[in-house]
There are 2 protein chains.
Amino acid sequence: MDNAADRQVFYISDGTAITAEVLGHAVMSQFPVAINSITLPFVENESRANAVKEQINALYLKSGVRPLVFYSIVIPEIRDIILQSEGFCQDIVQALVAPLQQELKLEPTPIAHRTHGLNPGNLIKYDARIAAIDYTLAHDDGISMRNLDQAQVILLGVSRCGKTPTSLYLAMQFGIRAANYPFIADDMDNIQLPAVLKPLQHKLFGLTINPERLAAIREERRENSRYASMRQCRLEVAEVEALFRKNQIRYLNSTNYSVEEMATKILDIMGLNRRMY
Amino acid sequence: MDNAADRQVFYISDGTAITAEVLGHAVMSQFPVAINSITLPFVENESRANAVKEQINALYLKSGVRPLVFYSIVIPEIRDIILQSEGFCQDIVQALVAPLQQELKLEPTPIAHRTHGLNPGNLIKYDARIAAIDYTLAHDDGISMRNLDQAQVILLGVSRCGKTPTSLYLAMQFGIRAANYPFIADDMDNIQLPAVLKPLQHKLFGLTINPERLAAIREERRENSRYASMRQCRLEVAEVEALFRKNQIRYLNSTNYSVEEMATKILDIMGLNRRMY
């Protein structure tokens, strides 16, 4: 991505720059142009802002093409330094604030919003989120089958079908207490839903995966093993899918979805509330 | 948040709606207005889009106030259904595409960009991210001290100062292999940096926390314990901070920062590349 012909893009913020990065990336993906991106978080004082301005200008001098700058900075003095650079600067939040201002007939009050920040107003919610991460870790991979009634969702599936990353994303992004339980290869002859899970049927959610993708993932972990063989992967997936259907457990195939997509689909299907963090 | 006077806000997308939610929330935080928000992901066919339109219109009829709609939908036919609703609709991506179009002198090619999605082009990067999550889990809380040279960062600190959530966020959001090692109460009389960590000094990063906040967090876990006492928390924090200074380990106080902020600050200070997912 260091090709000289690539367009240089900066994502700049006085906070984590996660929003600038995600949105700027979505905007750039609409154009047929290769980019080389630099993310600069915590640009919150004049000396850092001046250093950023120099960095933008230096790249402009070198390439002769204006770098694109997606930014979100609340303090006007800091923002102005970036705006004095040679970059083509776009305020990611203000572009939407102006039309809203008309509709709401309210003046915006620019505050350091710290989308991903911590403040007295969200501390209780934040602590609940950390508790969800703790819960999820303690109930990963069937480690503990205690307190499963406190789970908001219990993911089921074969080894390496995506249960752990999906559970962790549910906890991290949405504050959901997500347990997960694996069906292991040795049980495949007589696969059953554990008795402790039966009364929790409404919380169960199955993950499945294409055997080919499963075998490739397992191969990375244990090369040339029975565990990673196509025969074994096909068998396990077929058995577990049959169990899902028999027990009327809703399930999704994770093969073509990221953890973000799996997590949001599960919340959507189960009617669980998304919390904002 | 169900007050009738609250302004109704929708975050709608044909994908996860994570971007719409985060950006819309940042925009709304600029206005002195209480909101009641509903997030609707995967609005990707006409029947769902029509159901969403009905939901928006029903809330308008009930309240007499136009709901605000932040959306990102690529397929024109689906988008048009939402635009026919009574909501005040703002396309979160297009607001920035138009000015970019002028600057780039390129036509945008609206594709289902799936910011948080999986496609053949990012599968290798995605698998590396899942591997980072695996690595981080296997090296959480000092569980394994093997292969620490493969870590990109090793977080150090007392129990409950935020090591685990920060490590997991680094892995989940940025694909960073983040190990963490706890200093436990029993070692406090003679606290030392483990020999295995000494050659990895450049990868070490310390977390500290205010003793008051630490005691409150621990109290939730073990009420009225020595572990949660102010005396113990003060002692542990002082000892560990002294160790950080003695060994010239960079460190940050996590008390007022979210995991997102801690993770991005650590990447920034250590000069580690952020990857986009």
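Just so you know, the numbers here start at 1 and follow the chain as drawn.
Quick reminder: no glycine exception, Cβ is built from N, Cα and C everywhere.
Within 10 Å of the C-beta atom of A:Arg160 (ADP binding site) sit 23 other C-beta atoms, taking all shown protein chains into account. Following the DSSP three-state reduction, the secondary structure of A:Arg160 (ADP binding site) is coil. Per TrEMBL, the feature ADP binding site maps to A:Gly157, A:Val158, A:Ser159, A:Arg160, A:Cys161, A:Gly162, A:Lys163, A:Thr164.
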Same chain, 6+ residues apart, C-beta under 8 Å of the C-beta of A:Cys161 (ADP binding site), given in sequence order: A:Leu207, A:Thr208, A:Ile209, A:Leu214, A:Ser254
Proximity to chain B among binding-site residues A:Gly157, A:Ser159, A:Cys161, A:Lys163, A:Thr164, where any Cβ pair is under 8 Å: A:Thr164
Near-site residues: ADP, ref A:Gly157, A:Val158, A:Ser159, A:Arg160, A:Cys161, A:Gly162, A:Lys163, A:Thr164, CB cutoff 8 A to centroid: A:Asn180, A:Pro182, A:Leu207, A:Ile209
Number of Cβ atoms other than its own within 10 Å, given for A:Thr164 (ADP binding site): 23
Count of other CB atoms lying within 10 Å of the CB belonging to A:Gly162 (ADP binding site): 25
